[in-house]
Amino acid sequence: MSYKIVALPGDGIGPEILNGSLEILQQLSKEFHFEYELESHDFGGIAIDNHGKPLPDSTLNACKNADAILLGAVGGPKWTDPNNRPEQGLLGIRKALGLFANIRPTTVTNGTSHLSPIKEERVANTDFILVRELTGGIYFGEPKQLSENDALDSLTYTRDEIERIARVGFELAQKRHKKLTSVDKENVLSSSKLWRNVINEVSQSYPDVEVNHLLVDACAMHLITNPSQFDVIVTENLFGDILSDEASVIPGSLGLSPSASFSEQGPRLYEPIHGSAPDIANQDIANPFGMLLSVAMCLRESLNEDKAADKLENVIYQLIKEGKTTRDLNGNYLTSEIFNYVKENL
């Protein structure tokens, strides 16, 4: 079977970290005998320069017909028109593809625990996934109102929205350690009362998965004091936005965190969580690990190449353990050198 992959290098450090990662993907495809077709398209600021908008029709059509999308990074200070921002392309692609679930792994290995700002004994063996609902909640609820003296935001969720994000969480938990933690604010929010009820109902279809409920404030505390207790966390949009940023500091660098966005049946989008870092672009000093780990997620979740994903992840964490890292991880290695080391160790 041949897969269709669309590459969106984007802006800033995006092209250099994605293009190097695509060479790694090609090497893995030869070793593990899988085939794919690759297309590269403009997206974000570069698309504004070349096409007048951040998400050209040609890019969107290619994404709709893909099995997976790999995104480098988007944005930068060059593009200042508030009505035509590079980041609007990301919002557009999420909406067009129905990307409703954001998946954020947080992993700390024996070789990376020294990088964390939290004590090593607290973060040792941390390995969890945070599943955030992307399309509902207070960011999108209606009505919204702003006046000089008062303001209104609406936190709304439907049963269907909660059920579909719950199933993503339970499916991931079934493939991992069979533990799911649902995070809400059930003690004060009506939307969270519905959230908890639906989670409990969906859990009946997954009797092998252990379910726990945590209030969001308690979860925020446990992420710092005992992050290794978690396997899969599932939560709504606002809580997930905050908790995923909190979780991103646990490994010690934004450059170590991949992410994915899932639709119900269409293509999935994979990207590192860091920004475009235009101040270090084209200097061969960008950290490529987040992009490489996003490729590993793509291998596992979209291409069903678990062994290739495992091998790539193992090589990455071994290099970090050996201190072969970029300067943001206190290393002295160039981006190109990291890619060469990955190729050699594969």
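Placement of Cβ uses the backbone N, Cα and C atoms for every residue, glycine included.
What Swiss-Prot records for 76-87, 275-287 is NAD(+) binding site, and it gives sequence analysis as the kind of evidence. Under the heading substrate binding site, Swiss-Prot lists Arg94, Arg104, Arg132, Asp217, citing sequence analysis as support. Positions annotated as Mg(2+) binding site by Swiss-Prot, on the basis of sequence analysis: Asp217, Asp241, Asp245. Under the heading site 'Important for catalysis', Swiss-Prot lists Tyr139, Lys185, citing sequence analysis as support.
Recorded features from Swiss-Prot, shown on the structure.
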{"residue": "Gly76", "record": "NAD(+) binding site", "Cβ neighbours (10 Å)": "21"}
{"residue": "Thr80", "record": "NAD(+) binding site", "Cβ neighbours (10 Å)": "8"}
{"residue": "Asn84", "record": "NAD(+) binding site", "Cβ neighbours (10 Å)": "14"}
{"residue": "Arg94", "record": "substrate binding site", "Cβ neighbours (10 Å)": "17"}
{"residue": "Lys185", "record": "site 'Important for catalysis'", "Cβ neighbours (10 Å)": "19"}
{"residue": "Asp217", "record": "substrate binding site", "Cβ neighbours (10 Å)": "12"}
{"residue": "Asp241", "record": "Mg(2+) binding site", "Cβ neighbours (10 Å)": "16"}
{"residue": "Gly275", "record": "NAD(+) binding site", "Cβ neighbours (10 Å)": "16"}
{"residue": "Asp279", "record": "NAD(+) binding site", "Cβ neighbours (10 Å)": "10"}
{"residue": "Asn287", "record": "NAD(+) binding site", "Cβ neighbours (10 Å)": "26"}
Cα-to-Cα gap, Lys185 (site 'Important for catalysis') vs Asp245 (Mg(2+) binding site), nearest whole Å: 18
List of residues, in chain order, with Cβ under 8 A from that of Arg132 (substrate binding site) and at least 6 apart: Ala101, Asn102, Arg104, Thr235, Glu236, Asn237, Phe239, Gly240, Asp241, Leu243, Ser244
Long-range Cβ environment of Tyr139 (site 'Important for catalysis'), under 8 Å and at least 6 residues apart: Asn237, Leu238
Neighbour tally for Arg104 (substrate binding site), based on other Cβ positions within 10 Å of its Cβ: 21
For Gln283 (NAD(+) binding site), the number of other Cβ atoms found within 10 Å of its own Cβ: 12
Cβ-Cβ neighbours of Asp245 (Mg(2+) binding site) (radius 10 Å): 12
For Arg94 (substrate binding site): DSSP state (helix, strand, coil): helix
Three-state secondary structure, Asp245 (Mg(2+) binding site) (per DSSP): helix
Any further residue of that chain within 8 Å (Cβ to the Cβ centroid of Asp217, Asp241, Asp245) of the recorded Mg(2+) site: Val216, Ala220, Leu238, Phe239, Gly240, Ile242, Leu243, Ser244, Glu246
Between Asn287 (NAD(+) binding site) and Asp217 (substrate binding site), the C-alpha gap once rounded to whole angstrom: 32
Cα proximity to Asp245 (Mg(2+) binding site), best match among binding-site residues Thr80, Asn84, Asp279: Asp279
